[in-house]
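First up is the structure itself, then whatever we jot down about it.
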Amino acid sequence: MNFGRGPSVVLNVGGTRYSFAREVLKDFPLRRVSRLHGCLSEQDVLEVCDDYDRERNEYFFDRHSEAFGFIMLYVRHGHLRFVPHMCELSFYNEMIYWGLDGSHLDYCCQRRLDDRMSETCTYYAAEEPNGGPEVKGRRPPGAEGRKWLERMRRTFEEPTSSVAAQVLATVSILFVIVSMVVLCASTLPEWRAPENRSVEEQSRYTAESVREPSGIIEAICIGWFTAECIVRFIVSKNKCEFVRRPLNIIDLLAITPYYISVLMTVFTGENSQLQRAGVTLRVLRMMRIFWVIKLARHFIGLQTLGLTLKRCYREMVMLLVFICVAMAIFSALSQLLENGLDLGTKNKDYASIPAACWWVIISMTTVGYGDMCPITVPGRILGGICVVSGIVLLALPITFIYHSFVQCYHELKFRSARYSRSLSAEFLN
């Protein structure tokens, strides 16, 4: 510290005094307090605190003393929680004043803050450290280019980060909806009539299909998705990480079949290969259903579902193991009771254990299609036990999956609220 004397300094926050060694301020976790270490004059000190007593080397802060006490608990123990009976937004305002943000809060308090901010639509902007026009004017070489790339990346990756990102997300959603409507309409009997033509007519139809309105709409949608994917790849920070992300893999799976089908249409000219190519083309065109998953980039609900499945894969595997074990037991017993014993009444639907597995799975999941059912008294008793055990076994891991889903939802919602702050600032500007 370059101003003041004495081996220690005193912070007076709302009447509560805290004494620290002078050297502790240099690496103090609170940014406003650590700024005192670099003050060269009394004017610099008064820009950080409200008043200063030179004789006692005491710095006065006209802030909430109880809130600062909880913030000091975070400095000492690493856990930051809300003050009881204090408004979350007021405490958050105190946090920003001392140089903290919402990520320093414990998870339970993050959820409370997220809900409160969502209800009131109130957002705070963190104070710039050592802010000033002179500091902002000194930028390293290439900073403008990196800032532009970061802005482009956020525009394409975070739909709530700016107005341009919201417009881009809306356009992308419209293209997905249009492509899905065209895909559904292409399965109507009127659209499928050309499939009944002869080989020669089918060849001409395949070559000319891209010229029809549906083909033109499909080409436009694919062009938009391709351009969007290329731009996002160019502006990404880590190209390898970009390729490994699940949503980007889904984008690739949605785009690639179109180009494969076009190449097959161009290069498949022989009649011997036409029928096989036609089946392949139908499969590739039906893979456009993956475009629906692109909506996960713009909706928190689908993102929450994907993140929950990623984090709960152990619970999902456990659920599958429960089902498989129950299927093995009940299918063997049902086949024995319905068909294996020589009781004079054999149920042909349970002729084998694999056939009985179908009955077990629809019974345990309480679907009950009714296409096969036990006819013997022991078989019906076993069916009742199978249904009850299915309800119990399926309910056991659901609690863990539910809690993980709620946690993932609040995390994604909190992240979306953070990006919405920059959107609010853009509207204000």
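Just so you know, glycine gets a Cβ as well, placed from its N, Cα and C.
As recorded in TrEMBL, the features of this protein are as follows:
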DOMAIN    7-116  domain 'BTB'
TRANSMEM  163-188  transmembrane segment
TRANSMEM  215-235  transmembrane segment
TRANSMEM  247-269  transmembrane segment
TRANSMEM  289-309  transmembrane segment
TRANSMEM  316-337  transmembrane segment
TRANSMEM  349-369  transmembrane segment
TRANSMEM  381-405  transmembrane segment
* **Within-chain partners of the transmembrane segment (289-309) [C-beta distance under 8 Å, separation at least 6 from its ends]** => 159, 169, 172-173, 176, 179-180, 183, 221, 225, 246-247, 250-251, 253-254, 316, 401, 404-405, 408-409, 411-413, 416
* Across the domain 'BTB' (7-116), what does the pLDDT come to on average, as a whole number? -> 84
* Asked: Among the recorded stretches 215-235, 247-269, 316-337, 349-369, which has the greatest number of Cβ pairs closer than 8 Å to the transmembrane segment (381-405)?
  -> 316-337
* Mind checking which residues of the chain, 6+ beyond the ends of the transmembrane segment (316-337), have their Cβ under 8 Å from one of its Cβ atoms? => 309, 350-357, 359-361, 363-364, 374, 376, 378-379, 382-383, 385-386, 389-390, 393-394, 396-397, 401
